[in-house]
Amino acid sequence: MASSYKMSEQSTISEHILQKTCDHLILTDRSGLKAESAAEEMKQTAENQGNTVHWAALLIFAVIIPTIGGNILVILAVSLEKRLQYATNYFLMSLAVADLLVGLFVMPIALLTIMFEATWPLPLALCPAWLFLDVLFSTASIMHLCAISLDRYIAIKKPIQANQCNSRTTAFVKITVVWLISIGIAIPVPIKGIEADVVNAHNITCELTKDRFGSFMLFGSLAAFFAPLTIMIVTYFLTIHALRKKAYLVRNRPPQRLTRWTVSTVLQREDSSFSSPEKMVMLDGSHKDKILPNSTDETLMRRMSSAGKKPAQTISNEQRASKVLGIVFLFFLLMWCPFFITNVTLALCDSCNQTTLKTLLQIFVWVGYVSSGVNPLIYTLFNKTFREAFGRYITCNYQATKSVKVLRKCSSTLYFGNSMVENSKFFTKHGIRNGINPAMYQSPVRLRSSTIQSSSIILLNTFLTENDGDKVEDQVSYI
C-alpha cells in the first residue's frame, strides 16, 4: 500500500508538472499572439501617420504655395508698374501683404498641427503668438475688402470730394486705420493667453477654448466678420444703384454744345501754319516735324466726338469694376461664412456636440485660408495690366512697360483748369510768348485764316490726349 501510495503520489506529481507545463505553453502561445497583435497595431499606426504626412504635403502644394506666390506677384505689380500706382491699388497691395503673411506664418504652423494630430509641436510660448497672428491677418484681409467697398462707394457717390482726398498719403492713412482696427480685434488673444497644463505640457492643443475664450469667439466673430459683411453688402448694392442711375443720366442727357471748350485768350494769337511740312513747336518747347492735313475741321470734330464718349466709358469701367468686386465678395462669403457660423454656434450652443463642431472648425478654417489665395487669381483673370505684369514676373522680367503718352507731361502743367497766370508761367519757362515761339513767328496777315484753328488744335489735342490717358487709367484700376 505504501508502494501503491508512492506510485500514486508520483503519478499525481507528474500530472501536476505536466499540467503546469501545458499552462506555460498556452500562456507563451497567447503572449506570442499578443506580441504579434501589438506589432500589427504599430504597423497600422505607422501607415496612418504616413497617410497624414502625405495629405499635409498635398495641402502645401495646393494651398500654401499658390497663396505665397500669387500675393508676391500682386505686391511686385503695384510696386513696379507705374500704371498701377494709384490710391485704390495701394489697398490691394496692403491686402496682398495680409494674405501673404497668412501664407507665411499661419498656414505652415496650422499644417504642423495636422501632421502631429492637433498636438502643438512648437514651444508653448509660441502658441498665443500664433493664435494672435492668425486672428490678426485673417481679420486684416476681411477689413481690407470692407474698406475697398466703402472707398468705391464714396468715389462714385461723391466723386469731387473723393478726388480731392484721393492721394497716396490719404490712402496710407486709411490703410493704417484698417490695420489698427484689426490689431484691436485680435489683441485679447495674447493678453488673455492660453490655459496650459504643466503636467501634460507636451500634449497641449493650441486652440481657443470655449471656457476661456467663449465671449471672444462670439464678439470677435461679430466684429471681424458679420459687421464688415453687412457693410460690404449694403455698400455693394448702393454702388450698383448709383452706377445704374449715372448710366441712365448719361444715356438720356441732351447733346451738349462744346462752347465751354473755347480756346483761352492766351493762345488766340497768331501761330505758324501747319498746312505745309515744317517744324512744329511742341508744348514742351521741343520741335517736331509734322504735317497736319488740310481737313483739320474733320479731325477736330472727330476728336471732340471721342471726348464726348468719356463719361459713358467711365461708367462702363466703373460697372466692370463693381462686377469684379462682386466676384471677390462672393468668394469671400463662400470661404469665410462656414467658419464663422460654426464658431458662433460653438460659443452659443451648449447642447451641441463639441467634438463635431471642433472638427468642422479645423476643416472650415482651411477653407477660409483659401480666400487668401483666391484674390490674386481674380485680379489675374479680370485685369489685363495685372495679367501682363504677372506673365513678365514669372519669366523674371521685372522691367515695367513704358506707356505711350506723348503730350501727357505738358498736360499736367497746361490745361483748361489752370489759371492764366500758371499758363503764362509755363510759356515763359519754355520760351514761348503768347503761345508762340518767337523763332517761328510769321506775319499775322498771312496766317489770319488759320490762326485760331491751328492753336485750337494744339490745345485740344493736349486736352483730348489727357482724356485718353484718363481712359487708360480707368481701365487699369478695376477695384
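Heads up, the Cβ atoms here are built off N, Cα and C, so glycines get one too.
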Matching residue for the ergotamine site, where Swiss-Prot names D134, T139 - out of L73, L76, L80, L208: L208
Compare the membrane side that Swiss-Prot records for Y86 with the one it records for D350, and say whether they match. no
Identify which of C127, C146, C337 is listed by Swiss-Prot as the disulfide partner of C206. C127
Record feature N-linked glycosylation site (Swiss-Prot), assigned residue among N203, N383: N203
Going by what Swiss-Prot says, which of N294, N353 is noted as N-linked glycosylation site? N353
Quick test of reading the record: Swiss-Prot lists a disulfide for C352. Which of C337, C349 is on the other end? C349
Does the transmembrane segment (216-238) come near the transmembrane segment (56-78), with 3+ Cβ pairs under 8 Å (pairs 6 or more apart)? no
Taking only the CA atoms, the spacing between C206 (disulfide bond) and N353 (N-linked glycosylation site), expressed in whole angstrom, is 20
Provide the three-state DSSP residue tally for the motif 'NPxxY motif' (375-379): helix first, then strand, then coil. 5 helix, 0 strand, 0 coil
Can you tell me how the residues of the topological domain 'Cytoplasmic' (79-89) break down into helix, strand and coil by DSSP? 8 helix, 0 strand, 3 coil
What is the interatomic distance between the Cα atoms of C396 (S-palmitoyl cysteine) and C352 (disulfide bond), given in whole Å? 53
Under 8 Å between C-beta atoms and at least six residues away from its ends: which parts of the chain pack against the motif '[DE]RFG motif' (211-214)? 188-189, 192, 194-195, 347
Same-chain residues at least 6 beyond the ends of the transmembrane segment (90-112) whose Cβ lies under 8 Å from its Cβ atoms: 56, 59-60, 63-64, 67-68, 71-72, 74-75, 78-79, 121-122, 130, 133-134, 137-138, 140-141, 144-145, 147-148, 151, 168, 171-172, 174-175, 178-179, 365-366, 369, 372-373, 375-376, 379, 479
